[in-house]
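*Asks:* Quick one: the structure is below, and I'll ask about it shortly.
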Amino acid sequence: MASDNTHRSYSIIPCFIFVELVIMAGTVLLAYYFECTDTFGIHIQGFFCNDADLLKPYPGPEESSFIQPLILYCVVAAAPTAIIFVGEISMYIMKSTGEALLAQEKTIVTGECCYLNPLIRRIIRFIGVFAFGLFATDIFVNAGQVVTGNLAPYFLNVCKPNYTGLDCHFSHQFIANGNICTGNQVVVERARRSFPSKDASLSVYSAVYVTMYITSTIKTKSSRLAKPVLCLGLLCAAFLTGLNRVSEYRNHCSDVVAGFILGSSIALFLGICVVNNFKGTHSTPTKQKQEDYRGLPLMTFPRVESPLETLSAQGKSCQATLLTSSQPNTWSA
């Protein structure tokens, strides 16, 4: 093993175990509390009488959707993981990209017999950051839904509000007490969590993250259209997922747009600021000669030679030529 491509570090394993894994566990735990418990109560939002935007037909449970949530969540989690895993192994096997990878990444020596290969480091880093961002996106979405309590387009059909005692004869009358529903409480609670769209956020986060990975790491010399087609296909799938939510009256258009902005923002932040555009953390640029700038002036201006100086120099050159040619030849045969 080349000594110039290794780096000894005894802190990387403890930092990974006691810092990064703890942060990851806390993120997963917070996402679990948002998803599976009622620890965080939903804001009860009022509504207008017979609001046309809330009178859309009930599309049925989420499991009856054209894009079922369980399948969507499995795809947005498994597809990027598989692409990153296969991509890193393929680049490591190929000679040209493998040498470039070794030039960017150093093998970490953590003990007398323990080494962290650059391939393992990159796979753990890219997939780990992706998983963290996926749970973070879920937390942001759930927090927004709990805080706003925005109503779904089908809210009034499942709420079945009890208008008894309320003078609700005009559609412009606002009912501040939004807790007058007589319908199924589980369905009503789900209808209060519309903003932002979770499916749109998770799908666009996954698509943008993988698109950044493909465009930044995978190099193809034989085909110019393979990467664009793959990346645009992923982005199109995420876009169609959001449109499906609107077409089935499960989310408002603004909910889907907010989900797109949230998911893409998190993916861009992690891809650019955290994993450095999927480049190596220990790049080895060519060493250049260090120049000593001490003693030089703070500012220098280009020297412009005047015409008089040019003519004077030419005159001196001509005189020297004439003197040389006028001297007799002192060499004899």
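Each Cβ is built from the backbone N, Cα and C atoms, and glycine gets one as well.
Pulled these features from Swiss-Prot for this protein:
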type	residues	note
TRANSMEM	12-32	transmembrane segment
TRANSMEM	66-86	transmembrane segment
TRANSMEM	126-146	transmembrane segment
CARBOHYD	Asn162	N-linked glycosylation site
TRANSMEM	200-217	transmembrane segment
TRANSMEM	223-243	transmembrane segment
TRANSMEM	256-276	transmembrane segment
*Asks:* Please report the number of other Cβ atoms within 10 Å of the Cβ of Asn162 (N-linked glycosylation site).
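*Replies:* Summing over all protein chains shown, Asn162 (N-linked glycosylation site) has 10 other Cβ atoms within 10 Å.
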*Asks:* Okay, the transmembrane segment (223-243) and the transmembrane segment (126-146): do they have at least three CB pairs under 8 Å, pairs separated by 6 or more?
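*Replies:* When sequence-distant Cβ pairs are counted, the transmembrane segment (223-243) does not touch the transmembrane segment (126-146), since fewer than 3 lie under 8 Å.
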*Asks:* Honestly, do the transmembrane segment (256-276) and the transmembrane segment (66-86) touch, with at least three Cβ pairs under 8 Å and pairs 6 or more apart in sequence?
*Replies:* no
